[in-house]
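For reference, Swiss-Prot has these:
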BINDING   D449, D460, E572  Mn(2+) 2 binding site
BINDING   D460, E558, E572  Mn(2+) 1 binding site
Amino acid sequence: MLFSRPPIRSPWISAFRSASQLPLSRPRFFSISLSRYSVDMETVNTSERLSRLRELMQEHKVDVYIVPSEDSHQSEYIAPCDGRREFISGFSGSAGTAIVSLSKAALSTDGRYFNQASKQLDNNWQLLKRGVEGFPTWQEWTTEQAEGGKVVGVDPALITASGARSLSETLKKNGSTLVGVQQNLVDLVWGKDRPAPPREKVRVHPEKYAGKSFQEKISELRKELESRKSAGFIVSMLDEIAWLFNLRGSDIPYNPVFFSFATITPTTTELYVDADKLTPEVTAHLGQDVVIKPYDAIYADAKALSETRKQEAGETASKFLLSNKASWALSLSLGGEGQVEEVRSPIGDAKAVKNDVELAGMRACHIRDGAALTEYFAWLENELVNKKSTLDEVDAADKLEQIRSKHDLFVGLSFDTISSTGPNGAVIHYKPEKGSCSIIDPNAIYLCDSGAQYLDGTTDVTRTFHFGQPTELEKKAFTLVLKGVIGLDTAVFPKGTSGFALDVLARQYLWKEGLDYLHGTGHGIGSYLNVHEGPIGVGTRVQYTEVPIAPGNVISDEPGFYEDGKFGIRIENVIMAREVQTTHKFGDKPWLGFEHVTMAPIGRNLIEPSLLSDAELKWVNDYHREIWEKTHHFFENDEYTRSWLQRETQPISK
């Protein structure tokens, strides 16, 4: 599963020609026909909702109101009760910001969702295409609407402190003001129809999978706080809290997290979570080491912490650490900039470096997951080619989930399965829906991006197959993508190298043909946690320059190519950074490389061997031999799947 990349502003480059001289253009996203794009594209009439919101804005003396996508924890994925931007605008994509003035409304989103937004927004809304020349950013549009000393409002829990500070400084230049509106105005419009917050039980994540007790993790965090001379750390990111306390939840679909905050000081540990969500096992697990407090008490307690600290130490009081992703509301509760030091979270940094137990779990769960994928693709080919069955994309995705669920330690999926046939594969974040999705065409490319949550790890894998006869064009595109996968997988680099620097290794073969893909190459992956995990990754995001790749990092390796209206190709493996031995050690520093753990065959009939170097050909054959050795025993009583796996892992040659 992938992150987006900012749209490229330069003109599209004409593409290579295959042996058959058919043109392969650079991807033009989202011009796919509505009948093939499965998201419900029905326009929502927002007139009544906007009218009510504007009444509330006037009551609160606000001229412009901002509605972000995020929740109070700045989560990438949110619970239904936090879908405020979708409710007010009708746009259901995962990324975007809505801005409403007393007379206008605008929705800003990125290139993944331009088509979807244009279909879902009614005529009350203006679409701001992020990164496209001629369209203002949402901040610029907001500033323009606020000219003349107007007041801009936002729920301070839904915007980062740095984001609020930046916007406030911009608004001040034209005499306008940013204010925090404590009561969320969209919630008031939503009223009783707003989904209730989830009340799922929290569960213990055993140390045999976590690899370290939560007491050890907190002790290490306190050492970090001491080295920074900090008064404490207020934790707001849900995956960081789950990891720190060795707990998991089910409050957000596909993400095993639970709504909570935490405060860690040199002498106290407090977890803010609704007590009725804690089982006796969780209570016993936390014991006397952790004080449980009501979820909603965090803001008042943060304020009290800050006041107490100032009274005890006066002007020399040390500051509280706060993640640079934490909300403006939390920062204000702690006394604002003067009392807070915004940092990249030390918990996030520690979580990204998996311990030996977590790494072993990732290896093990990917073997089981690979066996599930092998069974699935063998089944799918048999249904489509031999039985001539009619299957739609959802039927196939459901079958994959059913197969995965048979394996040990399976908990659920790690994201919505992207099961896409033909041109649907060119839609980056395609999500098939029953009743509107496509029938799988055995004579077209099939792209499947899927993943699962297991107690011992999280998986994320993309495979692209063709169950008929691929064209020379498709084979060339697929092989260029495969060369990129191998390029990153086999990289050797000095300690201190960033994912930003490594990105070119996966793109180089497409670049040589004047081609590219408009998403990141790789993202961090949690250990039975979020499938997207920072701060590390491989791509062109500025944040990927900040933290170098380190041993124990687990990331995806997923270059792709997308021919709009025809097909999409992506190959994704999970790789783990480790120290490697080199002939020399320039600079007397460690050198790093990667270990791949994904164990699913790569579509053999899509590979054009003549485009591979001898080393790349050896990599493919070695990889397929490894898959056979590690997974064939799963099929001792399934001769068809075993034969399919044997065929798909046979050596290839030029």
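Backbone N, Cα and C define each Cβ position, glycine as well.
For E572 (Mn(2+) 2 binding site) paired with E558 (Mn(2+) 1 binding site), the C-alpha to C-alpha distance reads 4 Å.
Ranking the binding-site residues D449, D460, E558, E572 by C-beta neighbours within 10 Å puts E558 at the top. DSSP assigns D460 (Mn(2+) 2 binding site) to coil in the three-state reduction, placing it in neither a helix nor a strand. A distance of 10 Å separates the Cα atom of D449 (Mn(2+) 2 binding site) from that of E558 (Mn(2+) 1 binding site). DSSP assigns E558 (Mn(2+) 1 binding site) to coil, not to a helix or a strand.
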